[in-house]
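Shown next, in structure tokens, is the structure this report addresses.
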């Protein structure tokens with residue numbers, strides 16, 4: 001029997017995708033070989049590669065103003081690639097809402113970029129999304145859409161006149177996005193859209209001009225990958241294959257509007273379980289900024305019970321509920337592939353646990 005996986009990433013995958021990958025693992029579409037065994041230069045793989053890029057653009061309803069790049073190195077490599085490629089001679093502005101924005105700020109500073117932190121919620125342990133106003137003349141404005149550790153999420157992105165950069169790693173493909181002022185939108189795909197080893201970057205084509213005439217190593221230059229259709233070097237072929245299956249699955253769900261509707265239902269159910277517990281459970285994030293993806297909470301009346309909660313949950317068939325080492329507590333990551341019944345199972349367990357130990 002499969003466990004219910006609440007891991008923050010790599011995370012649970014739709015069972016039908018796993019079964020299709022299993023079916024095709026040794027014999028891809030009856031061809032007598034695995035997708036993992038063939039050259040990335042073959043027509044067979046190119047159909048997967050370019051098909052995945054087109055489906056990703058279709059889900060976000062993007063036109064040809066945007067290039068889709070498949071890169072390696074995780075979202076963490078983007079912390080350096082973004083300032084390396086997109087910083088000019090001005091200020092790069094960041095909103096600091098958690099560990100991942102702190103890491104991004106650090107990488108930009110290492111490169112000698114003029115970084116300005118225009119808003120931060122660090123003083124309250126990142127329990128909310130701070131009000132942010134970016135200037136009109138920065139090289140770019142940078143935010144992290146969703147914060148896996150602290151369970152906060154932008155409900156709407158800031159309106160900016162300067163190019164907006166969005167790290168969407170943990171709410172990738174979970175809702176529709178207004179791209180009107182987004183210059184670069186990126187994430188590792190291993191939470192909501194595939195397996196580890198692949199990052200997907202949507203970059204507005206005019207931003208690629210910034211990479212020209214810069215002394216950047218070829219592998220770290222966005223223009224290199226755009227001009228070579230993300231085939232400059234051997235890409236992570238199996239991760240792209242899995243991403244392609246995920247794109248098909250999301251389209252078959254009815255697109256991102258339907259996916260968002262289901263995600264909202266799951267989150268509402270879980271937050272109600274916390275809020276109606278008479279203080280036994282307490283969420284970390286301010287209610288107005290709660291994440292639909294990552295629900296971080298404590299057993300407020302007795303935090304010593306939290307390891308027992310995780311242990312008994314595992315015995316009941318639920319894994320991945322231990323909170324991040326920085327914040328502690330309990331965290332339920334309820335990404336796209338988790339269904340409503342699985343979240344309901346967690347809520348029922350939470351009520352039973354409260355009944356035993358309150």
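Cβ atoms here come from the backbone N, Cα and C positions, even for glycine.
According to Swiss-Prot, the features are:
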BINDING   41  L-glutamate binding site
BINDING   75, 76, 100, 148, 167, 190, 233, 234  pyridoxal 5'-phosphate binding site
MOD_RES   191  N6-(pyridoxal phosphate)lysine
Distance, the residue listed as 'L-glutamate binding site' to residue 167 (pyridoxal 5'-phosphate binding site) (CA atoms, angstrom): 30
Residue 41 (L-glutamate binding site) and residue 233 (pyridoxal 5'-phosphate binding site), Cα-Cα, nearest whole angstrom: 10
Among 75, 76, 100, 148, 167, 190, 233, 234, the record's pyridoxal 5'-phosphate binders - longest CA distance, Å: 31
Integer Å distance between the CA atoms belonging to the residue listed as 'N6-(pyridoxal phosphate)lysine' and residue 100 (pyridoxal 5'-phosphate binding site): 15
Pairwise Cα distance for residue 76 (pyridoxal 5'-phosphate binding site)/the residue listed as 'N6-(pyridoxal phosphate)lysine' [Å, integer]: 14
Long-range Cβ environment of residue 75 (pyridoxal 5'-phosphate binding site), under 8 Å and at least 6 residues apart: 100, 167, 169, 186, 187, 188, 199
Cα distance (Å, whole number) from residue 148 (pyridoxal 5'-phosphate binding site) to residue 191 (N6-(pyridoxal phosphate)lysine): 10
Local backbone state of residue 41 (L-glutamate binding site), from DSSP in three classes: coil
Number of other Cβ atoms within 10 Å of the Cβ of residue 233 (pyridoxal 5'-phosphate binding site) across all protein chains: 12
Neighbour tally for residue 76 (pyridoxal 5'-phosphate binding site), based on other Cβ positions within 10 Å of its Cβ: 15
Per DSSP, three-state class assigned to residue 148 (pyridoxal 5'-phosphate binding site): coil
